[in-house]
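What follows is one structure encoded as structure tokens, with my remarks underneath.
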Amino acid sequence: MLDHGSRSQGQAGRQTWVMTWHLRGRGLAIRSASNPISWEDRQLHSQTVCFLTQPTVTEETLQMASSFAKMMSSRTTGLLMASLGAGAVATGYLLSDSAAISAEQRRKLYPPSADFPDLRKHNNCMASALTPAIYAKLRDRITPNNWTLDQCIQTGVDNPGHPFIKTVGMVAGDEESYEVFAEIFDPVIKDRHNGYDPKTMKHPTDLDASKIHSGVFDDHYVLSSRVRTGRSIRGLSLPPACSRSERREVERVTVQALAGLKGDLSGRYYSLTEMSEAEQQRLIDEHFLFDKPVSPLLTASGMARDWPDARGIWHNNEKTFLIWINEEDHTRVISMEKGGNMKRVFERFCRGLKQVETLIQERGWEFMWNEHLGYVLTCPSNLGTGLRAGVHVRLPKLSKDPRFGKILDNLRLQKRGTGGVDTAAVGDTFDISNLDRLGKSEVELVQLVIDGVNYLVECEKRLEKGQDIKIPAPIQHFKK
Amino acid sequence: MPFGNTHNQLKMNYTAEQEYPDLSKHNNHMAKVLTLEMYANLRDKQTPSGFTVDDVIQTGVDNPGHPFIMTVGCVAGDEETYEVFKELLDPIIEDRHGGYKPTDKHKTDLNPDNLQGGDDLDPNYVLSSRVRTGRSIRGFCLPPHCSRGERRGIESLSVEALGALDGDLKGKYYALKDMTEEEQQQLIDDHFLFDKPVSPLLLASGMARDWPDGRGIWHNDNKTFLVWVNEEDHLRVISMQKGGNMKEVFNRFCTGLTKIEELFKEKGHEFMWNEHLGYVLTCPSNLGTGLRGGVHVKLPNVSKHEKFGEILKRLRLQKRGTGGVDTAAVGGVFDISNADRLGFSEVELVQMVVDGVKLLVEMEKRLEAGQSIDDLMPEQK
């Protein structure tokens, strides 16, 4: 999750979380090329591919996958294809003449086994879940917008990950990606979201801020409060995949809607291409400006193409409600203010979101949403609520207590430095926010943050007085 | 594999105006040439392997360029790109390659016997000599567009061909992903190792996908003949050695290249080549010979001369720092190489380097002795 503050300061290293969701009852777009030697037939002919019939991802499958990948690198592709029993195809490959090979022919010359990525050194959710069998099944499918599996996973192939941090390793190109490639998105979503089962579970959406209680923190400790999420416009491809005109359409639709906001929400749009030097400097000083991503996790997905075309920032005159357009998602929505009034921040968040939704609906548009996935965003890690609610809070004593980490874990909270993800805390001030995104509603998550931060501040006060603190009982993941 | 969804034909539902990139702040060859009308003509076309005009120009759209340096701003995804998108690429080629016309023919000459001299550049000044080019294997997509299967196919074909070289060309292949720590350090110390590109010009084209899968370095035991596999092109071939014997370097270069080509032909493959564009490579700037022949040479005095730039221009040479393109010279040592790639043969280009460097060294000696070089000023080649 990338903190707004960190992005505007140009911090590198964004954790892309992957989650997928399985949509029921929608058709799959399967490439209609006829293949004279079916993949299934080839399987029957060769020992080398027998493991592709494994229905589940097991330890054994993973080991075979890795030895398979090793084999790929040490044998000629032609030999391998011959062993697949695809004699005619292998011959065609080896003696390909100078005539141009069509995309269809290319698919036949290079079976999925030839294209399976080498994931031996990889540590991300995609690499843990992707087997040659799944890849073979999905490689030749396309979504209605022509998006493919290879495009979904490119970022995870290009970025092996970190031994300690498990990134997600894949993105969606459109709403349909989550369904068309469900066989890979589903296990990734479970891995990333505490076992949340896309096939059987429903995600609750609740943007009724009146349900929040105890939402005002002690200003002596809590310096600022913030809630962010993302929204995608249904019918338009997501940032990794969109064409320039689709991206411009997202901008147009959103800016038009935002122009209809009134009262404390009325504000102005600043397009990245047209911004003046003075405007740019002011937005940087206020920590609002986002810049072209530098993280290879993001650039490898294709979301930074054509920068800065159709990108921009909108904010209200009071500078408490801010929208990013066409950065990693169609829109990112941020409500924030100094001090500890999280309730007011969330109230404005919900009000603003609902008004924007009404305004786009008046013109026949809607957000991508469904009852299993919640709000659909580019990175599966942001599905569900896409919500990160957090505070900048001073915890000089608690942060030095050895129990600090465990307390946060049990409260389902995470800490970051005040520069955002991958930064260290400065002084004793931490960014504390919710860990989870999917399976709990917005109200539940914000309440969880409020309760958690109140607990942390209580601990800090107790430690100040020399009193002892307790590790709280762990919070349940999902309602059973 | 297309990068981003640029091959998406559903965008034909939008008009050309809606899709046309904003090139108002751009300064590259592509931006100079691509009008809305041209874009409208080309946007519904694709090569047989599915490469579209948006794929061609993506790197140029993403990288507006530099106020002083004119980058190319487009790449080819396959051999057919240069044909299908002629309307866009021909004017770019003409602008970049000194007025080379769509009807011009390019001569290929890899006969090292045709090079005059070149074995006597003064090693007190010329520290090292080097010739490089690129080759693409016909029938495969180029690095911006190839799938993993194709890239691996290119690698295994190349490794097999190189494995059959013998004599002073005999050598070994080091796959980037299988390299040991020691091998890696050795290759770094030898200045052979190439790494994943960081330049946004290259990254935006999609050529760094799946790194380091299918990439590697081959070099002969003598460390004078080196081949890069699947970096910016299918193959980059480099011949080099210390000192000023450019003739020997070029000899080995031609012999090696010719042998490699024969070995590929034995396996039923050939290099991408035609009589108009010469050798076909990923970047239009490397068409023709794809050849950069150069030396590292000490020119502390000449380089400070007010006419240095003009001399180089007339000799059809360019200067770089010894770190390569975009680096500054250190200690008066420059990398001097041919500026042209297309419209001259390999022999002609290396001849220009040999003759030009000889002249520059003579000028350097004159200036060292406090004498004038006015009578040595060359004519425009």
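From the backbone N, Cα and C atoms, a Cβ is placed for every residue, glycine too.
Note: TrEMBL annotation is automatic and uncurated.
Annotated ATP binding site per TrEMBL: A:224-228, A:HIS287, A:ARG332, A:388-392, A:416-421, in sequence order. In the three-state DSSP scheme, A:ARG332 (ATP binding site) is classed as strand. The Cβ neighbour count for A:ARG332 (ATP binding site), using a 10 Å radius and every protein chain shown, is 24.
For A:108-194, the entry in TrEMBL reads domain 'Phosphagen kinase N-terminal'.
According to TrEMBL, the feature domain 'Phosphagen kinase C-terminal' maps to A:221-463.
Counting residues of the domain 'Phosphagen kinase N-terminal' (A:108-194) by DSSP class, helix then strand then coil, yields 43 helix, 3 strand, 41 coil. Per-site Cβ counts within 10 Å over the binding-site residues A:SER224, A:GLY390, A:ARG416 peak at A:GLY390.
Of all the Cβ atoms in the protein chains shown, 27 others lie within 10 Å of the Cβ of A:VAL227 (ATP binding site).
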